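What follows is one structure encoded as structure tokens, with my remarks underneath.
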Amino acid sequence: MEQFHGTTILSVRRGNQVVIGGDGQVTLGNTVMKGNARKVRRLYKDKVIAGFAGGTADAFTLFERFEAKLEMHQGHLIRAAVELAKDWRTDRILRRLEAVLAVADSKASLIITGNGDVIEPEESLIAIGSGGPFAQAAARALMENTQLSAKEIVQKSLTIAGDICIYTNNNLTIEELNDEGK
């Protein structure tokens with residue numbers, strides 16, 4: 001059976017704001033199955049935001065596991081991500097899941113990959129999924145050449161990716177965290 005795939009998730013951190021946004025398209029082969037999926041959500045008492053690219057059912061399984069790790073480690077993002085990655089590498093069922101998570105709190109942004117890797121990106125920018133390269137290029141240009149907010153950069157970059165990538169649409173879900181202490 002063909003795999004559900006294709007999406008674009010973008011995270012930008014600028015100033016005291018971190019934003020993760022994603023499109024709403026779910027594709028099976030060359031057919032759009034759903035146009036308004038919610039691939040970005042808030043976790044752990046609204047202190048963590050996360051988005052996924054990859055198989056939808058796989059991603060929901062990972063969201064549940066990641067949220068359980070956040071609860072276990074009292075919202076400590078890096079510790080929860082590392083523990084999930086350890087499980088991902090050693091659990092026979094998890095190893096078969098095909099998804100990538102982009103997660104962020106007020107202090108850190110991380111990519112958790114299907115290989116069980118935890119990566120902290122350079123330049124406070126994460127772009128995953130089929131439209132990721134388009135969104136990343138747009139976001140980098142906007143970050144370097146404008147004073148737009150993180151939310152505006154995510155919106156504009158995802159719109160550009162949606163105009164280029166056939167697996168990405170412009171039905172966006174955007175979540176943001178503001179750290180007033182910075």
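Here the Cβ of each residue, glycine as well, is placed from N, Cα and C on the backbone.
As written in Swiss-Prot, here are the features:
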| type | residues | note |
| --- | --- | --- |
| ACT_SITE | Thr7 | active site |
| BINDING | Gly162, Cys165, Thr168 | Na(+) binding site |
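Secondary structure at the residue listed as 'active site', as computed by DSSP, is coil. Taking Cβ-Cβ distances under 8 Å and a sequence separation of 6 or more, the neighbours of Thr7 (active site) in its chain are Gly22, Asp23, Gln25, Val26, Lys39, Phe52, Ala53, Gly54, Gly129, Ser130, Gly131, Tyr167, Thr168. Within 8 A of the CB centroid of the Na(+) site residues Gly162, Cys165, Thr168, the other residues of that chain are Thr8, Asp23, Gln25, Ser130, Gly131, Phe134, Ala135, Leu158, Ala161, Asp163, Ile164, Ile166, Tyr167, Asn169, Asn170.
Contacts of Cys165 (Na(+) binding site) defined by a Cβ separation under 8 A and a same-chain sequence distance of 6+ are given as Gly6, Thr8, Ser130, Gly131, Phe134, in order along the sequence. The Cβ of Gly162 (Na(+) binding site) lies under 8 Å from the Cβ of Thr8, Asp23, Gly131, Thr168, Asn169, Asn170, each of which sits 6+ residues away along the same chain.
Mapped onto three states, the DSSP output places Gly162 (Na(+) binding site) in helix. When other Cβ atoms within 10 Å of the Cβ of Thr168 (Na(+) binding site) are tallied across all protein chains shown, the result is 29.
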